[in-house]
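Asks: Mind having a look at this structure? Questions to follow.
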Amino acid sequence: MSQEKYIMAIDQGTTSSRAIIFNKKGEKVSSSQKEFTQIFPQAGWVEHNANEIWNSVQSVIAGAFIESGVKPNQIEAIGITNQRETTVVWDKKTGLPIYNAIVWQSRQTAPLAEQLKSQGYVEKFHEKTGLIIDAYFSATKVRWILDHVEDAQERAEKGELLFGTIDTWLVWKLTDGAAHVTDYSNAARTMLYNIKELKWDDEILEILNIPKAILPEVRSNSEIYGKTAPFHFYGGEVPISGMAGDQQAALFGQLAFEPGMVKNTYGTGSFIIMNTGEEMQLSENNLLTTIGYGINGKVYYALEGSIFIAGSAIQWLRDGLRMVENSPESEKYARDSHNNDEVYVVPAFTGLGAPYWNQNARGSVFGLTRGTSKEDFIKATLQSIAYQVRDIIDTMQVDTQTAIQVLKVDGGAAMNNFLMQFQADILGIDIARAKNLETTALGAAFLAGLSVGYWKDLDELKLLNETGELFEPSMNESRKEQLYKGWKKAVKATQVFAEVDD
């Protein structure tokens, strides 16, 4: 028994780091989690201390071993999945970051994004990267760090600095600087990578004046990138052999291997990804085209809709408004609401994501009356998550001319049965909740295990997939459309308010 082999997944998220050990059946054997500091230097800015992230990862690796009794030599391979777009620039020699990591949610580079738009680059960037010019992606964050840290541009040009998203930073640290690599899915979120030609785009690098020397090598999602330095893994030299950005890892963990399959992860934000197969398909309607994953010499593309605020809207109810003591309580309050769903919350706390891409919009509430209760407000906040998902699913169906039959769901807020049922109702399709909600970490584990032969092939993985619960729509068509029409009106009003000048 003691020599059974396992896969470890490191899931480095926006608010915490986790290490999870999986067995051959894809079951969780143990996990350890550690939160780290969110830094808000100014309104709308979000930063992390990259060294604190690294320390938290070391801590959870130890925690997962302690909880399970598994020894480091029983780990066959390590998979990494990470918050995407978050940007670290560090000194090649000392390994010290030259500035905090700028987080995907941060809006501090919005003026740079606006400048690129006004210079007429929207179409060019979209065709090359599949992305919409926005502060969300790494490109403007790198430029900002090089602009705001003394001598950074000069040092970058001399090859003294390295850039990476969090996956790159962790592999660099775990291998003690032996590997400076990223994978297709993370590279595709930098706004510097040509997803058609599968290479860093020289023209974009020139436009942004970002030296190529700082960029990591781009590799597939399932191969050996390097081995852990023994002193970082309790004496073990274990291959790091799977890597994907969190949302693409969840797509893989949900086993959405066929074109047309769609998953939604309800995390801090909510991210809907559709596998579109080996053909790159540019959205006509403000969705992102990205790389789902690259494996066995093939690259599979995806369409993605990003919602910035989902689970964090529930955190806001808890921490900001103190309406609930914990997240699960929101379900109970929502069920106790007896109003007619006339209240709409638009949680545009950091702007609106897909398909609106309005970075100036801010949160708003509509339809309040003297009779509105706390329960109504909480229910409207949960419903706002489902409405935003409908915006994206509708857009995907238009873009791909495909009728989506089922939405595979995972992530923390997917545990909320009220939200899942309302999601099924407002979409009019089945919601299949994964039995194992750890699909992000599981996806990273699958990618790592495949490349070292722990699992043989995709067919073997398909046997491990189970739906935990199916939510079927039960709302009539006219009611569904009436509610959604109210939502569209609320979003429109939110955007009008964002335009008003003093």
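For all residues, glycine too, the Cβ spot is worked out from N, Cα and C.
The ATP binding site feature in Swiss-Prot is assigned to Thr14, Thr15, Ser16, Thr268, Gly311, Gln315, Gly412. Sequence annotations record features per position, and here Swiss-Prot assigns sn-glycerol 3-phosphate binding site to Thr14, Arg84, Glu85, Tyr136, Asp246. Sequence annotations record features per position, and here Swiss-Prot assigns ADP binding site to Thr14, Arg18, Thr268, Gly311, Gly412, Asn416 based on sequence analysis. Annotation source Swiss-Prot lists glycerol binding site at Arg84, Glu85, Tyr136, Asp246, Gln247, citing sequence analysis. The phosphohistidine feature in Swiss-Prot is assigned to His232.
Looking at the shown structure, what environment does each listed feature sit in?
Replies: Taken residue by residue with DSSP, Thr15 (ATP binding site) is part of neither helix nor strand, so it is coil.
Under DSSP, Tyr136 (sn-glycerol 3-phosphate binding site) is assigned to coil, being neither helix nor strand in the three-state scheme.
With a cut-off of 8 Å between CB atoms and residues at least 6 apart in sequence, the same chain places Gln83, Thr86, Val103, Trp104, Gln105, Gly267, Thr268 near Thr14 (ATP binding site), listed in sequence order.
Glu85 (sn-glycerol 3-phosphate binding site) is surrounded by 26 other CB atoms, counting those within 10 A of its CB over all protein chains shown.
Reduced to three states, the DSSP call for His232 (phosphohistidine) is helix. The number of other Cβ atoms within 10 Å of the Cβ belonging to His232 (phosphohistidine), over all protein chains shown, comes to 18.
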Asks: Can you check which residue among the binding-site residues Gly311, Gly412 has the largest number of Cβ atoms within 10 Å of its own?
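Replies: In terms of Cβ crowding, the pick is Gly311.
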Asks: Cβ within 8 Å of the ATP site centroid (Thr14, Thr15, Ser16, Thr268, Gly311, Gln315, Gly412 excluded): which residues?
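Replies: Neighbours found: Gly13, Gly267, Ser312.
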Asks: Let me spell it out: for each of the binding-site residues (Thr15, Gln247, Thr268, Gln315, Asn416), count the other Cβ atoms within 10 Å of that residue's Cβ, using every protein chain shown. Which one has the most?
Replies: Gln247
Asks: What whole-number Å value do you get for the CA-CA distance of Gly412 (ATP binding site) and Glu85 (sn-glycerol 3-phosphate binding site)?
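Replies: Approximately 21 Å lies between the Cα of Gly412 (ATP binding site) and that of Glu85 (sn-glycerol 3-phosphate binding site).
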Asks: Take the Cβ of Arg84 (sn-glycerol 3-phosphate binding site) and count every other Cβ within 10 Å, whichever protein chain it belongs to.
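Replies: So the number of other Cβ atoms within 10 Å of Arg84 (sn-glycerol 3-phosphate binding site) is 27.
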